[in-house]
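Participant: Feature annotation from TrEMBL assigns NADP(+) binding site to Ser155, Arg175, Thr236, Ser298, Arg299, Lys308, Gly336, Leu337, Glu375. For 92-220, the entry in TrEMBL reads domain 'FAD-binding FR-type'.
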Amino acid sequence: MAQLAASQVAVTVPVGSDLSTRRSVFKTHSISFHDKSWAPSLSLDLKTKNARLRNRPIICQSVQQTSVPKVNVSPLYLENAKEPPLNIHKPKEPYTATIVSVERIVGPKAPGETCHIVIDHGGNVPYWEGQSYGIIPPGENPKKPGSPHNVRLYSIASTRYGDTFDGKTASFCVRRAVYYDPETGKEDPSKNGVCSNFLCNSKPGDRVRVTGPSGKIMLLPEDNPNATHIMIATGTGIAPYRGYLRRMFMESVPTFKFNGLAWLFLGVANSDSLLYDDEFKKYLKDYPNNFRYDLALSREQKSKSGGKMYVQDKIEEYSDEIFKLLDTGAHIYFCGLKGMMPGIQETLKRVADQRGENWEEKLSQLKKNKQWHVEVY
Ligand code: FAD
């Protein structure tokens, strides 16, 4: 399949051996343009294709999008806002939300525990995709007796409509921070992470103090619906991208009809540690020309050099495409543990050197163009 940069063209034309499969899935007689804005892009792009391609059936992304039912949401006022909501609830006056559900979302062989947590904010803590909430765990701050705990930030893993599609909930992807004594190898519960354990142990109906929303770095730029978004995650760093992808592929939102390319790289330990894999596989099936999904399973796969497979090894594998996409305006996002960045930066620098490019200059240009988005913790 020839995957073309979405910022360059609005139509991806599958060529070669997989064409017949695609043809059987998306029959041309099912073409229907519910939204007239799609029509000009089809005729324009048809004109630009060369003669060889013109003789082959062309499958338009917008045709695929209209053929896959999405969840209709009632647009929130947030759709018309020019700026994201910010710090509506401050640490001194947090909003008390309610836990809706807590679900372990990793398999038995995953190291550690990661939970998907949905909270009900009743529409009182509105947010945009890519923002975070602060959580104040119950109890006293051991460093400041008599005061509450410090706020811990958690990236929101849902769209502004929430997993309930009504704008009243927010979801998180939380990894339980546990402490193992390095000498005995035994868990020491007195040193376990306060907030992550509070969240992962909580039950439906429990109260949770929320601040925010906060953060502008990871907002999804929506000015160009044909843009390319390259998303790099390790572990719970997947949270903001789950929100982006649901907005792009799951919800029908009148103000944002995504027709570009979303390319997700996820690094986790093993297949039991995969997060939201079913959702992502469904997008791959429904939007094969708009979504790419690459995994780095450090404990199951080997890199080219025979070591563990980390996200930077996957980035290196596709570096030619990634660099070309960046040169044509793609956004690149990094989210997850702080430790992911040095290895990634090293790889990007090495690739740039091999291509005869100056990485520092390129990076500063990407930052200047607002294409570079990093949120690591
Ligand atoms: P803390 O109580 O703050 O403890 C921190 C660590 O120290 C733990 O690993 C704990 O085991 C260890 N520790 C405690 N006591 C001792 C001791 N005496 N000696 C040695 N070690 C000790 N996290 C997520 O899971 N999901 C997210 O989506 C997410 N998004 C984030 C977004 C942002 C912008 C930021 C800044 C952070 C994000 N985090 C996220 C991290 C989150 O904010 C917390 O830092 C994390 O959950 C740990 O908080 P805690 O209260 O559980 O641990």
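Cβ atoms here come from the backbone N, Cα and C positions, even for glycine.
Note that the coordinates shown come from a computational prediction; the quantities given were computed from them, not determined experimentally.
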Participant: State which of the following binding-site residues has the fewest other Cβ atoms within 10 Å around its Cβ: Ser155, Thr236.
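Facilitator: Candidates: the binding-site residues Ser155, Thr236. Fewest Cβ atoms within 10 Å: Thr236.
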Participant: Under a threshold of 6 Å between Cβ and any atom of ligand 1, which of the binding-site residues Ser155, Thr236, Arg299, Gly336 are retained?
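Facilitator: The qualifying binding-site residues are Ser155, Thr236.
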Participant: Let me check the 10 A CB neighbour count of Arg299 (NADP(+) binding site). How many other CB atoms are there?
Facilitator: 14
Participant: For Glu375 (NADP(+) binding site), what residues in its own chain, 6 or more apart in sequence, show a Cβ-Cβ distance under 8 Å?
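Facilitator: In sequence order, the residues whose Cβ lies under 8 Å from that of Glu375 (NADP(+) binding site) (at least 6 apart) are Ser155, Gly215, Ile217, Met218, Gly237, Pro240, Tyr333, Phe334, Cys335.
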Participant: Could you state, as a whole number of Å, the largest distance between Cα atoms of any two of Ser155, Arg175, Thr236, Ser298, Arg299, Lys308, Gly336, Leu337, Glu375, the listed NADP(+) binders?
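Facilitator: In whole numbers, the farthest two Cα atoms are 27 Å apart.
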Participant: For the domain 'FAD-binding FR-type' (92-220), give the DSSP counts of helix residues, strand residues and coil residues.
Facilitator: 11 helix, 46 strand, 72 coil
Participant: Provide the three-state secondary structure of Thr236 (NADP(+) binding site) computed with DSSP.
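Facilitator: Helix, per DSSP.
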